[in-house]
Amino acid sequence: MAQPPAFVFNILETPEDQGQDPSPYDESEVHDSFHQLIQEQSQRAAEEGLELRVLPQREPGPETLGASGSGHQALLGPEGVPDYSTATLRILASMPSRTIGRSRGAILSQYYNRTVRLRRRGSRPPLGGVGRSARPSLRLYDLELDPTAFQEEEKRTLLVKELQGLTVAQRDHMLRGMPLSLAEKRSLREESWTQSGKQRGPQGRRGLLPCCSRLRYACGLALHSLGLALLSALQALTPWRYALKQIGGQFGSSVLSYFLFLKTLLAFNALLLLPLLAFIVGVQAAFPPAPADSVPTFTGLELLTGGGRFSHSVMYYGYYSNTTLNQLCGPPLDGSQCTPEAGGLPYNMPLAYLFTMGMSFFITCITLVYSMSRSFGESYRVGSTSGVHAITVFCSWDYKVTQKWPSRLQQDNIRTQLKELLAEWQLQQGPRSVWGRLRQVAILGFVWLLCLGTTLGCTLAVYAFSELMIKNPVSAEREWELLALPLVVCLLNLGAPYLYRGLAALERHDSPILEVYVAICRNLILKMVILGILCYHWLGRRVGALKGQCWENFVGQELYRLMVMDFVFTLLDTLFGELVWRFISEKQRKKRGKPEFDIARNVLELIYGQTLTWLGVLFSPLLPAMQIVKLLVLFYVKKMSLMANCRAPRRPWLASHMSTVFVSLLCFPSFLGAAIFLCYAIWQVRPSSICGPFRTLDTMYEAGKVWVRHLEKAGPRVSWLPWIHRYLVENTFPIYLVSALLLAVIYLNIQVVKGQRKVICLLKEQISNEGEDKIFLINKLHSVYEGKERSRVGRAQEAEMPPTLPADERDAR
Amino acid sequence: MGQCLRYQMHWEDLEEYQALTFLTRNEILCIHDTFLKLCPPGKYYKEATLTMDQVSSLPALRVNPFRDRICRVFAHNGVFSFEDVLGMASVFSEQACPSLKIEYAFRIYDFNENGFIDEEDLQKIILRLLNSDDMSEDLLTDLTSHVLSESDLDNDNMLSFSEFEHAMAKSPDFMNSFRIHFWGC
């Protein structure tokens, strides 16, 4: 315990009890919360002319910080306090209650139990899984329930002994997690070190070997300063550490989650870019193909359109050769007839392109699914209701916020949130007529219909415009016209959400969080549908329209243009949306008029940008590098705008769910769509015949098949690879089998979770039954003592003699 | 000999603190610097103490509505030694394990220190959160009854530690919000 409260024992008692000043460290004493009740009781008893006898103090066993349950069955006195006698209160105070961790001895017992359990396990358990609960109860080794009374010193020695049995890392991990003060942890550590006789002991050994120890200290100092230098270098490398802290301190966790998501996206793009750079771009840059006939000069327009000079660079698919590089013999068509000379390291470019793309996507998929499942697992618990009120009360104050104005804003937010929660509950409780419900459903359906209609309208507009672009092909001099389609798409993406927001004002949702989720849903549908129609336009129509030309280059450039336009519009939106709004609101002198940082819209923009990258990486391997540059610039621009122009959002956003939602949205519509597009492009579409690494093949996938055929001819040594390809990859039966197995595993897991939910319900019932039992027993105890008191009073009144001291003590015992 | 030229702290002490808390070495040295700036000059850092008012007025805790409870829970005998400050920073650091945070959060929120979070504690928490005393009684009682109905499993109108832990253990909101960055490190 950190702070012993002031404790004065004023109760009318036997003379020997007066003058005692018990402290909470004395575990068998009564806690001061009982002092009040006991005092009232004894005063009341004294008024009635009784002399109160005190039960003996030394109750062996566990801590006495129990409390009386003032539940439904408790007897309530006139003030609402349970009207128990002093004797009952004393017994209640010595219950082995649930708050067994409050005193030091109890903490020592708890960690003794845990250490014992850790040691007696056969294998070395993972340190992270030592148990989330701070208070595990293991009946077998539970010191709490051990009938032989352990004093605190004995518990401490036992704990030290057990700690010695652990390894150093486990010991430190255990000590770190103990809720004791640092001084006590140090002494525990010292005792377990010295008694195990390790070399690196306490300071006492220093005097023994002065020159060696001086050398050691010198080395230690040098290492220390080296370590500090490394640490500061590492911190300089982890970018934006201070910036993120600043944002979190000023705006809270919800706005911070946007920036953390941005950082995550950077990591994903870097992960995607590295294999591409190493295996495709780097190699092709080292062995450039024969230069094309007419390479246009660089004009500034290429930065926007991606064409021109850039078309003949490593940036696009068309530049990559379809031969085996570094072969040091005559240029063969598919590298099968050439025997490489000594010193050559043949590099099959088409195969490398196919495999690297597939590998990068696979790694990204695994990483995404892993991070999604991890953040989902952290916030989901079987059988638990969300407990939103408890979470609001205990978790809504963000301790990171350190400035005055944001903290006041936080108070306002919490107040609004609490009021909304209660209003929501009241609304649900209120009588809802059938007519009202029907009306609400009708309005909801109508608004959804309007929104979907808007989406359809936008999609048709994009489709019509793209058909128009096919019909009127752009000549080489008017390349800027190529920017028309991306411009239209970006304008629609900008304008439709405002329309949705206007339509959403018509409907009234019960909870504001639902409103936000619905808005995200609608915006996401719009973006994905537009991207879908564009994908159809490229793979379905452009391939046909650009026969004889390099359609992959065109698709790559289209995606480049879309990315650039999206970036430009984001910057403009940040500048004009937030800056101009701030000026307007300042002019109207509304202090709270600063625009909110709209997290949902910004996150959706990030996801959209990332989808474009994933869609385009097959046709433009350097697109992730562009995305990285774009994200870097966006971080600083958004941060600057945030600090200058915005305030934290008023909507109650649960920061925990947000990161899960963001990563899920990134995985499911975004990455899945890109993966489907990639698979279709690789498996079904005929590559163009004049450019790219697959120009002579029917599909891009055939490069792999060619290689497998090559291997088959290579001989029996590597025959297992073609075998795997023929019977496991090409054959559909193993895929069906694996899918069926996965479905079975998922079904089994669902059943297990259902069973766990049932068990949890039963346990909850049992806990509440136990609580009722306890209250019943307390009342019985109270009635027993009351009966005794009454009979004693009766006897005393009959005898008309003051009760003697020993008799009463005997009675009370 | 044995003392780092820049810091008063011994290297071995630094290692020990780093092993026993969830703080990094850099953070411990930052806290050491700030501690020395606040405590009276010339005193060895292990003997110097800070009052609860000094710690309450640190920038990290200044606007926290629970700063008095935080100081009360982590101080010994009404003052903060260097190790108390380290202990406090360790509990609030990002790497601290959830069980430790939940344990100390329970102690902080238990205003009357009876080992339970009862209705009186809950009302005090809500009033502190909103920093106003003019909350309607109905709202308060409604809210406390909702919290108790959600988290109180054995129907005794109080939250014991197990019930509190059960409510908070799987909530990353709690982990995210129960963090303080001390001293700009």
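Heads up, the Cβ atoms here are built off N, Cα and C, so glycines get one too.
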Which range of A:483-504, A:615-636 is transmembrane segment, per TrEMBL: A:483-504
Among the ranges A:258-287, A:351-371, A:483-504, A:660-683, the one whose Cβ pairs under 8 Å to the transmembrane segment (A:516-539) are most numerous: A:483-504
Distant-in-sequence neighbours of the transmembrane segment (A:441-463), which means Cβ under 8 A and at least six residues beyond its ends: 485, 488-489, 492, 496, 499-500, 503-504, 506-508, 522, 525-526, 529-530, 533-534, 537
Of A:258-287, A:351-371, A:483-504, A:733-750, whichever stretch has the most CB pairs under 8 A to the transmembrane segment (A:660-683): A:351-371
Stretch of maximal Cβ-Cβ contact with the transmembrane segment (A:258-287) [cut-off: under 8 Å; candidates A:351-371, A:483-504, A:733-750]: A:351-371
Non-local residues, at least 6 beyond the ends, that sit with Cβ under 8 Å of the transmembrane segment (A:483-504): 304-305, 447, 450-451, 454-455, 458, 461-462, 465-466, 469, 515, 518-519, 522-523, 526-527, 530, 534, 558, 561-562, 564-566, 569, 573, 601, 608
